[in-house]
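Structure, as structure tokens:
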Amino acid sequence: MSDNERTIVVRVLKFDPQSAVNKPHFKEYQLKETPSMTLFIALNLIREHQDPDLSFDFVCRAGICGSCAMMVNGRPRLACKTLTSSFENGVITLMPMPSFTLIKDLSVNTGDWFSDMTKRVESWAHSKEEVDITKPEKRVEPDEAQEVFELDRCIECGCCIASCGTKLMRPNFIGAAGMNRAMRFMIDSHDERSDDDFYELVGDDDGVFGCMSLIACHDTCPKELPLQSSIATLRNRMLKVGKSR
């Protein structure tokens with residue numbers, strides 16, 4: 001073992017809402033830090049050697065699936081992309097993300113929220129044209145394809161929702177993920193909906209007009225999506241529709 005290795009302390013808020021006797025409490029774990037150790041690696045070592053009951057989510061381990069998002073020292077992050085060495089004092093406090101239903105410990109149900117959001121903004125291409133799978137796909141200009149791709153990189157991790165002050169106060173708020181999803185289809189030429197159609201979906205206080213422009217979503221997005229400009233553009237377009245009514 002190298003003399004340069006240090007011992008880190010990981011504090012986890014543990015709670016099983018399905019238990020009649022379990023109460024929320026912090027539990028501390030100490031472990032030796034290794035080079036390039038991520039929180040994901042640390043949590044796996046804790047579960048393997050210290051606490052097999054510890055619950056947290058992961059799938060890809062590469063910042064692609066978004067499953068391992070959690071509150072790290074008060075900020076939503078992906079465990080698989082967060083190095084333990086980035087915390088100088090070696091003390092890391094982990095909690096489940098707010099605004100989502102708690103499953104157990106660090107595991108939350110983001111799936112139901114994103115499923116509901118998908119239905120609310122009707123996030124699929126709307127077209128009056130009858131589908132004909134024998135036809136060549138409609139040509140899309142490279143600039144448009146790039147703009148759509150940029151907004152479509154969302155991995156549904158929930159970091160933007162967990163960091164949103166409006167979401168904490170307004171449970172039905174659609175959040176940055178919902179507004180970004182709406183904008184993604186507004187700029188897609190495959191979708192034939194008008195701005196008026198989108199206004200019916202996101203043109204209220206639970207939609208784009210509920211945003212307080214704190215931009216925590218933009219600051220915490222692990223994929224660095226252009227949420228600030230996306231939300232601003234959506235708000236301007238919805239404002240024009242509202243004024244015309």
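Positions of Cβ are set from backbone N, Cα and C atoms, glycine also.
Model, not experiment: these values are computed from the prediction.
Cross-referencing Cys80, Cys154 with the [2Fe-2S] cluster binding residues that Swiss-Prot gives (Cys60, Cys65, Cys68) picks out Cys80. Among the binding-site residues Cys154, Cys157, Cys164, Cys211, Cys221, the residue whose Cα lies closest in space to that of Cys68 ([2Fe-2S] cluster binding site) is Cys157. Rounded to a whole number, the distance between the Cα atoms of Cys154 ([4Fe-4S] cluster binding site) and Cys60 ([2Fe-2S] cluster binding site) is 15 Å. Around Cys217 ([3Fe-4S] cluster binding site), the C-beta neighbours below 8 angstroms that are at least 6 residues distant in the chain are Cys159, Cys160, Ile161, Ser163, Cys164, Gly175, Ala176, Leu227, Ile231. Local packing around the binding-site residues Cys154, Cys211 was summarised as the count of other Cβ atoms within 10 Å of each Cβ; on this measure the leading residue is Cys211. Around Cys157 ([4Fe-4S] cluster binding site), the C-beta neighbours below 8 angstroms that are at least 6 residues distant in the chain are Gly66, Ser67, Ala69, Pro76, Leu78, Thr110, Pro222.
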